[in-house]
Amino acid sequence: MSLSTWRSVLLARASDEIVTQALVRDVALPYGAGTMALITLDNGFDHTRPSTFGAQGLLALNGALDGIAARTDIAAVGVTGKPFIFAAGADLKGATRLSTREEAGAIAALGHHVMRRLGELDVPSFAFVNGAALGGGLEVALHCTYRTVSSGVTAIALPECFLGLVPGWGGSQLLPRLAGPDTAVKLIIENPLAQNRMIKGPEAAALGIADVLLEPADFLEESLRWAARVLRGEVSPPRTDHTATDWEPALRRARDLVALKVRGATPAPYRALDLIELARTAGRDEGFAAENDALTELLTGEELRSGLYAFDLVQHRAKRPAGAPDKSLARKVGKVGVVGAGLMAAQLALLFARRLEVPVVLTDLDAERLDKGVGHAHAEIAKLRERGRVSADQANRLTGLITGSLDKAAFADADLVIEAVFEDLGVKQKVLAEVESVVTAECVLATNTSSLSVSEMAAGLRHPERVVGIHFFNPVAVLPLVEVIRGERTDDATLATAFALGATLRKNCVLVKDAPAFVVNRLLTRFMGEVVTAVDEGTPIEVADHALDDLGLPMTPFTLLQLVGPAVGLHVAETLRAAFPSRFEVPAGLSALVAAGKPGVYRPDLTLDPEAVALFAGGDAPSTPEQVRERVLRALAEEIRIMLDEGVVADPRDIDLCMVLGAGWPFHLGGITPYLDRTGFAEPRFLARGVASMPAA
Amino acid sequence: MPSTRDVVFVDGVRTPFGKSGPNGLYAETRADDLVVRVIRELLRRNPALPPERVDEVAIAATTQTGDQGLTIGRSAAVLAGLPKSVPGYAIDRMCAGAMTAVTTVAGGIAFGAHDVAVAGGVEHMGRHPMGDGVDPNPRFLSERLVDPSALVMGMTAENLHDRYPAITRERADAYAVASQDKAAKAYADEKIQPDLVEMATRSAERGWGLATADEAPRPGTTLEKLGTLKTPFRPHGRVTAGNSSGINDGATGCLVAAAGTAAELGLPARMRLVSYAFAGVDPEVMGIGPIPATERALRLAGLSIGDIGLFEINEAFAVQVLAFLDHYGIADDDPRVNPYGGAIAYGHPLAASGVRLMIQLARRFAERPDIRYGMTTMCVGLGMGGTVIWENLNEEAK
């Protein structure tokens, strides 16, 4: 295939690509080092829309390189980006539109054809990494002979494996050769699998990805001076021949990590591992050809489609929650009350104080509990201070913001009061009534219930319209999801205040109808109920607990049970059983586990606790792993269908968003509905073909 | 504490000067970024100076709003990465802003309040056109405090031609041609480039570029060509774009230090401040301001005009230079005057220009250690002039 074939294949389809232009200007290098043709990658928008490479962007860069290659009067080529952005990689929207192997192969090959030219010109090339360099953007830099990086850059990464791809425009071959297998494994495998961690400019320089670190204030000018010194032979960046070292330790480390985290659920990290290994021995042509093959296969695979879908949900839908009322209706929150002083309450108080920067007062009936709760929040602030996360002044401010009171009258001037007391409807109703008796008529009353009815909680109040559910996930500081629950009487101003609060807390809100256990807990409980019931029936725990390993979930069902605690799990199971007796079981083994006071079925060393296992004995109808797997997936598909029919959320995408953000379900499942669609458990499909799946060719 | 100490000029740099306007070098470059680049380069060129030893950053700008606002001496110091312990301020005397920054920090150094200071100026006349946002008090005109022409600099230059009929347009044009020729030669001889710091320039449409040389000079300018130019300030007048400085963008900066501190730190002392003076004149003939300022500076120094071996006079308008030269009986083409050319060629980003004069004087002093005294002088809007007399500290000087 050739450039003209790729061009015709890729440009055949109508495109809305935002084209990154490759603007070329001559600059006179300092110290008489000659003329550099300096390429600026710029898609014409500001930094909120990073420059990306689709087919037209690649062709634009190719055209610029054509012009440069034809010249004999230049000493070097430079590449840099628009302010704050070097380049952010492939055009992902374009990637979702590729529908044939031919198209996938063409975009893979075109990327190589264009980018490799940067390393194969008659003159040296320099990348001046002034801002975010992600994926294909970083690969552009890797193809250059030399790299400078600004100490102000906060996002350098090869996030492909996070999405379901490999850095296949040269990255998997060039990075290990340049910076060694350890660094390659870190950037290509470990960081993407660690919630898509990114590195900053100083780390990129320390790892040898860039040759020199320069300050942002006059980054380009000093980069050009550095380039001039390289051209004059005054500086020669060291290069190490990494092929001579033993790559096996790094590769083994990566293989173990992938085995642990991915369990075969998605092919991309495995392909990436193979490519890194290949880089030690393969020449450029062989390595790049292998990258093309991997990209072609992954671009036409369903896991990537799910990954791109989930990425889009997290990037866009999470930031503009469906069904949220107009922001202007939100009330200002200048003081927050928290009823209860348990661990959850203390975590909430800290979060409110840090993000809202307003006074937060906790109340409890018990002075000892109250002191403990406030003390916990204050101790957390001290830890933040020790770790350098906040300054001494900020720590003083935060500590002063969080106070305790035995008297709910302290809520008199609060704008929002959230209860985080024991999960019992009667208790919560009583607490809210007490709060209502002291607060202003405008004060929003929120509940952090994980399963009870918000409407019932509000029913006895004078102003039920100001009650809303704001369901945080534990640990509060870490998990990004908040389920915002609209009760039957909740008014728009209250709801808008809840969404605004969530956004200020830097959480992602999803609007959920007032239905038992909302979204995440309902699905996890249904999931767990099927697994535990299978054990009750006689399936060995080790079989049932690993029957769904091939989904690559963050933990097995019994590990999750142990994390949330069997008592909490049992409570939610009972709530759901009461609401939907035909579908939710309260497994006898679970009740027995709670009665026995066991923390779970695993001992601290992660081996099975024989006493706990014994509590599940007696079943005589064991299932095979396949049967457990099928039973669980069928149950999930059924439950989601019912939830959508009931209007618990507006759209399957909200189910997926909740499972990704609240349960950590992986991108390659797309949350869950894309996986149920592609495995045939959803009948009919939840999502139209082409949404989170390969479009019809 | 009060003392009187010798004050020395250690080093100066500037950005290349650009032409203002949508197609100029710095059309999409911020004024404060120009200053930041200058400050960083001064520190880079003088590694013997620990950044925390800078005691003051005085930066001048005529229009102190937007990217020239926010107390630009302090904000540029922070943006340049100087330690937060280093204070800064903004200063304004229109065209003599940078000159006033130098004399003000020099006064502080002589008094003993600080040891080392950065002084400079910036004017991005593209982003901040002359007179932008000013609101002249109506009393200026109602009480005839100034002539209506006083606020339009080109008109004040025409007024100067009226006052000195011997200064014709032809003389002004010839002076302008000589300035362009001297600047071209200075560039060819590499007298200017060593004190320029190259500046990245972004264009959203064309991508990043690099400013490495002044944009305004027009080498090869001829009398014939200048003769064809319009006189925008008066029909059949004498002042043209060719015999005036342009509308420009640029920044300058220098290190000024107590002589003892420079010696302690091992910083080069290139010239010693001998005296300085500012003086006022009728605003409608602001171009004669350098004359009374020079009179006063000479008197303070105990020198006469004959002692001055080099003149760096700002060429806001050729007529104003010629008025100065005629006053002192100096020939139009005297080699002591602006040997590297002046603002007619390089441009005049108002508050930045004073330090450009000092940079060129210091460079020429190094070439001519036999010359002991030199002068930087300039006219200032609203009827002022400023003069600083310097002593050459290059070795063979005495």
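Backbone N, Cα and C atoms are what each Cβ position is placed from, and that goes for glycine too.
Sequence annotations record features per position, and here TrEMBL assigns domain 'Thiolase N-terminal' to B:7-258.
Under the DSSP three-state reduction, B:CYS95 (active site, acyl-thioester intermediate) is assigned to helix. Long-range Cβ contacts of B:CYS95 (active site, acyl-thioester intermediate) within its own chain (separation 6+, distance under 8 Å): B:THR62, B:ASN314, B:ALA316, B:HIS348, B:LEU350, B:ALA351, B:SER353, B:GLY354, B:MET378, B:CYS379, B:VAL380, B:GLY381. The active site, acyl-thioester intermediate feature in TrEMBL is assigned to B:CYS95.
Distant neighbours of the region 'Disordered' (B:212-244): 16-19, 24-25, 152, 154-155, 157-158, 161, 168-170, 172-177, 180-181, 183-184, 187, 192-193, 196, 198, 316-319, 341, 344-347; these residues of the same chain sit at least 6 beyond its ends, with a Cβ under 8 Å from one of its Cβ atoms. Annotation source TrEMBL lists region 'Disordered' at B:212-244.
Remark: secondary structure over the compositional bias 'Low complexity' (B:220-231) totals 5 helix, 0 strand, 7 coil, with classes taken from DSSP. Annotation source TrEMBL lists compositional bias 'Low complexity' at B:220-231.
Positions annotated as domain 'Thiolase C-terminal' by TrEMBL: B:271-391.
According to TrEMBL, the feature active site, proton acceptor maps to B:HIS348 (among others). Summarising the environment of B:HIS348 (active site, proton acceptor), the number of other Cβ atoms within 10 Å of its Cβ, over all protein chains shown, is 28. Annotation note: B:HIS348 (active site, proton acceptor) sits in a coil segment as assigned by DSSP.
DSSP assigns B:CYS379 (active site, proton acceptor) to a strand segment in the three-state reduction. TrEMBL lists B:CYS379 (among others) with the feature active site, proton acceptor.
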DSSP helix/strand/coil residue counts for the domain 'Thiolase C-terminal' (B:271-391): 54 helix, 34 strand, 33 coil
Within the predicted model, mean pLDDT of the domain 'Thiolase C-terminal' (B:271-391): 98
Protein Cβ atoms within 10 Å of B:CYS379 (active site, proton acceptor), excluding its own: 33
